[in-house]
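Visitor: Once you've had a glance at the structure underneath, I'll fire off some questions.
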Amino acid sequence: MAELPTTETPGDATLCSGRFTISTLLSSDEPSPPAAYDSSHPSHLTHSSTFCMRTFGYNTIDVVPTYEHYANSTQPGEPRKVRPTLADLHSFLKQEGRHLHALAFDSRPSHEMTDGLVEGEAGTSSEKNPEEPVRFGWVKGVMIRCMLNIWGVILYLRLPWITAQAGIVLTWIIILLSVTVTSITGLSISAISTNGKVKSGGTYFLISRSLGPELGGSIGLIFAFANAVGVAMHTVGFAETVRDLLQEYGAPIVDPINDIRIIAVVSVTVLLAISLAGMEWESKAQVLFFLVIMVSFANYLVGTLIPPSEDKASKGFFSYRADIFVQNLVPDWRGPDGTFFGMFSIFFPSATGILAGANISGDLKDPAIAIPKGTLMAIFWTTISYLAISATIGSCVVRDASGVLNDTVTPGWGACEGLACSYGWNFTECTQQHSCHYGLINYYQTMSMVSGFAPLITAGIFGATLSSALACLVSAAKVFQCLCEDQLYPLIGFFGKGYGKNKEPVRGYLLAYAIAVAFIIIAELNTIAPIISNFFLCSYALINFSCFHASITNSPGWRPSFQYYNKWAALFGAIISVVIMFLLTWWAALIAIGVVLFLLLYVIYKKPEVNWGSSVQAGSYNLALSYSVGLNEVEDHIKNYRPQCLVLTGPPNFRPALVDFVGTFTRNLSLMICGHVLIGPHKQRMPELQLIANGHTKWLNKRKIKAFYSDVIAEDLRRGVQILMQAAGLGRMKPNILVVGFKKNWQSAHPATVEDYIGILHDAFDFNYGVCVMRMREGLNVSKMMQAHINPVFDPAEDGKEASARVDPKALVKEEQATTIFQSEQGKKTIDIYWLFDDGGLTLLIPYLLGRKRRWSKCKIRVFVGGQINRMDQERKAIISLLSKFRLGFHEVHILPDINQNPRAEHTKRFEDMIAPFRLNDGFKDEATVNEMRRDCPWKISDEEITKNRVKSLRQVRLNEIVLDYSRDAALIVITLPIGRKGKCPSSLYMAWLETLSQDLRPPVILIRGNQENVLTFYCQ
């Protein structure tokens, strides 16, 4: 346990107001022994502060678990509490280490650092806490709101008609099928909402944080739009009822259509005013609407028990009758909508309102409790009400009635048909002529007619429609506000601003109002409803899929406290929601899915920088893990060989050409790892290692290079590369090729660095790697051109100064991207391959993969091989035959018969002058002196080594002459890398070979040597 000296008085409560001070944390004093536990001070065990260094009675900066350490935010005016970092607990305590802790503290606002304390008591803040926003419980905030949104105009005006068409049995099936979808969705949303702290944004917040910004953003936008259109639908339903009343009393305003528009616009304006008054007033209005609906229900039920008057009897109401109930059990389809799915499509929108409570999640006291409890209770009670009304009204009212008081049964006036005959009424004439204006199947206002006092039903219609419209208005603005704050789409941030203590989305209300007015102009309920239903169903499908996907990923982060859900039920809910979308209105379903896909593709293209820990991310990990483990069971086969490259880039932005070259042929094909060795003491380079890794990865992503970045700390370069070659990769996904840049300054650099460079190539062969060395005429390192050497992020040791740990890794991403030859079109040039020695085919495979890419596809590939002048035709045919079996598409083959001729004298002398400074000149020295010189300078070339390697040295000089003759204008030159035997070829001689081989060549030169194992085959198994 980390301990600190007791520097304050133990009993002084005023000093125990924080966890620790920076000065105490970084004190260089020797720690004192742990303080003994004092039972007279129980606060030692209960006080959350460790400023007095008392945790379980010990003198330590280690802290006990507390809520604040895991919270992302604090209450207004309260300081943020932080736990000590790992460095705080186990690093040396000294003043020089202050910069190690600065990052942890400086990120907080200045008001959180009071009097040098890391944290203080909330009561010490001089700022007065702002007024608390209004928060609602599960009844007022969720259940009532959901019930009001579920109940709507269909309950009063269409449910009796649906019962008459489908019969009581099928109506119950329609209701229960609809409730099945909403109940499964309710269970799914309950699970999602209890898997962590829920903020404002409702359905959008839940889906986006579960499935990610791609699907979440698209569904959030259309869900907000659907709610805005829902305002229009419900107000139009309200306006239709008012218009009918005006016409009944002979007081129309203008004409039927414009009356609806006028009434609806006035109504939605009043609802806007209620919303702008704040959530508190909106909630009061909802409670008032709820009471009105409850009174209307009671009024209806009482009315069914009252014996019918003559007026009601003439309209088909006869109170509870068994024969009426039996007759209305079976369907009687009429009209164009007279089908099961026709009735289902009309009823289903009345079940969609279960998200009203979740949509104001930011205004709930405890969303994790309120959303599941309130939503499921709302579904239960509204289902009971639908079933009860369908059964009761189907037991009281016949399907057809004339409404004429004189249509009583009169003896001698012919046959009387129908159940009404037994009750003294004859509706035969209007039934046969299909001219009845009343009855369950003809009169939409049947509930008003049956009720004890008709105006109360009208008031219930008003309450149901206006409350639903108000809930939709609030939901649209709240969801859209959260979407705007996340900035997933352009040009909408303006509407995200909140006002007042509740952060009311005033601008969102105005936008929803404008959309509602635009759709109110349509003034046709049957045109508006299908679009909304499909958007809501699309939301339900994604909510259920979110729950299913989060469950199957087995992510440790999926721990919902609501356990009464099932992943397969959630999947069924998602599928059935999509099916219902097409059953309701196929064209509206296609529109909804098309909009979702368009918005989805936009967010995928933009790649917003958000990280919400979505189940999609967890699923990606699961897939990667599963396939990676599965690869362990796959035996290696030549046909499945892929060039998996470990590229020694250092900081990738230093050598963009090297990154682009490898990234071109490995893209969507194989593994690429950019390796970076930080040289120096582990303690010194560790802060830099932690800071820059993420920045380099983002740089690669910005450059559209599909690669990993891996860095290690080592005492020297060679040891670091050895670590990378042994540890990089995972399972079968391990590098098999080492790619390095050519050491251009080898003649002027310290010989030890050259020794390390060549040693790295030898190590690669020892680890059975292939080797690829890339040389460009202008060099690979662009750090000086970018002036990166003055930035400690890029190379902190370059100026010989200690790197500061305070570095902004975003500088790596924001820097200007250097362009390279591998990013441009190559045109109709050539890729020349000098396949001088058989390395297993890697020298052929890399250019082939490069030639498949669009920028290199127009290049003609030429293959050059060595041969004898008297066997040129035979050798050429043999190579062409071999290449055709490899199916590489290489048809132009050139034999080099003069490869073993002596080079020109001036070129030979140039080579000798190149190695002269590195010669040991041991011809006249004794053996002891030579051995000592060799031990001190292993890179030196002895006379014996020059003699033994003379033929090989002259071959490199001659090859350079040949390449200059044939490939001066090529786009790329690929040459088999010569190998120097360990212990027989000094590093300086080997570097001279590579220098000579690629000297004066204008195109990029790639020196490749495989590990002498086949990477190409012409067999099919």
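Yeah, the Cβs are placed from backbone N, Cα and C, and that goes for glycine too.
Given the structure is predicted, the values throughout are model-derived calculations rather than measurements.
According to Swiss-Prot, the protein carries these features:
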{"type": "BINDING", "residues": "Leu148, Trp151, Ala464, Ser467, Ser468", "note": "Na(+) binding site"}
{"type": "BINDING", "residues": "Asn149, Asn227, His234, Thr352, Asn359", "note": "polythiazide binding site"}
{"type": "BINDING", "residues": "Gly353, Ile354, Leu355, Tyr540", "note": "chloride binding site"}
{"type": "BINDING", "residues": "Leu648, Arg655, Val677, Gly741, Leu780, Asn781", "note": "ATP binding site"}
{"type": "DISULFID", "residues": "Cys416-Cys421", "note": "disulfide bond"}
{"type": "DISULFID", "residues": "Cys430-Cys436", "note": "disulfide bond"}
{"type": "CARBOHYD", "residues": "Asn406", "note": "N-linked glycosylation site"}
{"type": "CARBOHYD", "residues": "Asn426", "note": "N-linked glycosylation site"}
{"type": "MOD_RES", "residues": "Ser43", "note": "phosphoserine"}
{"type": "MOD_RES", "residues": "Ser49", "note": "phosphoserine"}
{"type": "MOD_RES", "residues": "Ser73", "note": "phosphoserine"}
{"type": "MOD_RES", "residues": "Ser91", "note": "phosphoserine"}
{"type": "MOD_RES", "residues": "Ser126", "note": "phosphoserine"}
{"type": "TRANSMEM", "residues": "138-167", "note": "transmembrane segment"}
{"type": "TRANSMEM", "residues": "168-189", "note": "transmembrane segment"}
{"type": "TRANSMEM", "residues": "221-243", "note": "transmembrane segment"}
{"type": "TRANSMEM", "residues": "256-280", "note": "transmembrane segment"}
{"type": "TRANSMEM", "residues": "281-303", "note": "transmembrane segment"}
{"type": "TRANSMEM", "residues": "339-360", "note": "transmembrane segment"}
{"type": "TRANSMEM", "residues": "372-393", "note": "transmembrane segment"}
{"type": "TRANSMEM", "residues": "454-477", "note": "transmembrane segment"}
{"type": "TRANSMEM", "residues": "508-522", "note": "transmembrane segment"}
{"type": "TRANSMEM", "residues": "528-544", "note": "transmembrane segment"}
{"type": "TRANSMEM", "residues": "568-587", "note": "transmembrane segment"}
{"type": "TRANSMEM", "residues": "588-599", "note": "transmembrane segment"}
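What does the local environment look like for each feature on the list?
Guide: Under DSSP, Ser467 (Na(+) binding site) is assigned to a helix (H, G or I) in the three-state scheme.
Around His234 (polythiazide binding site), taking its Cβ as the centre, 31 other Cβ atoms fall within 10 Å, counting all chains.
With a 10 A radius on its CB, Leu355 (chloride binding site) counts 28 other CB atoms from all the protein chains. Look at Leu355 (chloride binding site): DSSP puts it in coil.
Non-local neighbourhood of Arg655 (ATP binding site): Thr649, Gly741, Leu780, Asn781, Val782, each in the same chain, at least six residues away, with C-beta under 8 Å from its C-beta.
Summarising the environment of Cys421 (disulfide bond), the number of other Cβ atoms within 10 Å of its Cβ, over all protein chains shown, is 14.
DSSP assigns Cys436 (disulfide bond) to coil in the three-state reduction, outside any helix or strand. For Cys436 (disulfide bond), the Cβ neighbour count at a 10 Å cut-off comes to 24, with all displayed protein chains included.
According to DSSP, Asn406 (N-linked glycosylation site) is assigned to coil rather than to any helix or strand.
Taking the Cβ of Asn426 (N-linked glycosylation site) as centre and 10 Å as the limit, one finds 22 other Cβ atoms among all the protein chains shown.
Distant neighbours of the transmembrane segment (168-189): 159, 162, 203, 206, 325, 328-331, 340, 343-344, 347-348, 350-352, 354-355, 358, 371-372, 375-376, 379, 383, 386-387, 390-391, 394, 540, 543-544, 546-548, 562, 564-566, 569-570, 572-573, 576-577, 580; these residues of the same chain sit at least 6 beyond its ends, with a Cβ under 8 Å from one of its Cβ atoms.
Long-range Cβ contacts of the transmembrane segment (221-243) within its own chain (Cβ-Cβ under 8 Å, at least 6 residues beyond either end) map to 152-153, 157, 203-204, 252, 256, 259-264, 267-268, 271, 359, 458, 461-462, 465-466, 468-469, 472-473, 475-477, 479-480, 483, 489, 511-513, 515-520, 522-525, 528-529, 531-532, 535-536, 538-539, 592, 595-596, 599.
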Visitor: If we skip the immediate neighbours and take only residues 6+ beyond the ends of the transmembrane segment (339-360), which ones have a Cβ under 8 Å from one of its Cβ atoms?
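Guide: 136, 141-143, 145-152, 154-155, 158-159, 162, 165-166, 170-171, 174-175, 177-179, 181-182, 185-186, 189, 193, 200, 202-203, 206, 227, 279, 331, 333, 367, 370-371, 374-375, 378-379, 382, 386, 468, 471, 474-475, 478-479, 529-530, 532-533, 536-537, 539-540, 580, 583-585.
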Visitor: Since the record lists Thr352, Asn359, Asn406, Ser468, Asn781 as recorded positions, which of them has the fewest other Cβ atoms within 10 Å of its Cβ?
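Guide: Taking Thr352, Asn359, Asn406, Ser468, Asn781 as the recorded positions, the minimal 10 Å Cβ count falls on Asn406.
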Visitor: As a test: from 138-167, 372-393, 454-477, 508-522, 568-587, pick the stretch that has the greatest number of Cβ pairs under 8 Å with the transmembrane segment (528-544).
Guide: 568-587
Visitor: Given a Cβ distance threshold of under 8 angstroms, which distant residues of the chain, six or more beyond its ends, lie next to the transmembrane segment (508-522)?
Guide: 224-225, 227-229, 231-233, 235-236, 260-261, 264-265, 268-269, 272, 275-276, 473, 476-478, 480-481, 484, 495-496, 528
Visitor: Want to know which recorded positions, from Gly353, Cys416, Asn426, are within 10 Å of Asn149 (polythiazide binding site) at Cα; which are they?
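Guide: Final answer, ordered: Gly353.
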Visitor: Taking DSSP three-state, what's Leu148 (Na(+) binding site) in: helix, strand or coil?
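Guide: DSSP call for Leu148 (Na(+) binding site): helix.
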Visitor: Out of 256-280, 281-303, 372-393, 454-477, which stretch touches the transmembrane segment (138-167) the most, going by CB pairs under 8 Å?
Guide: 372-393
Visitor: Taking the Cβ of each of the binding-site residues and counting other Cβ atoms inside 10 Å, which one has the highest number: Ala464, Leu648?
Guide: Ala464
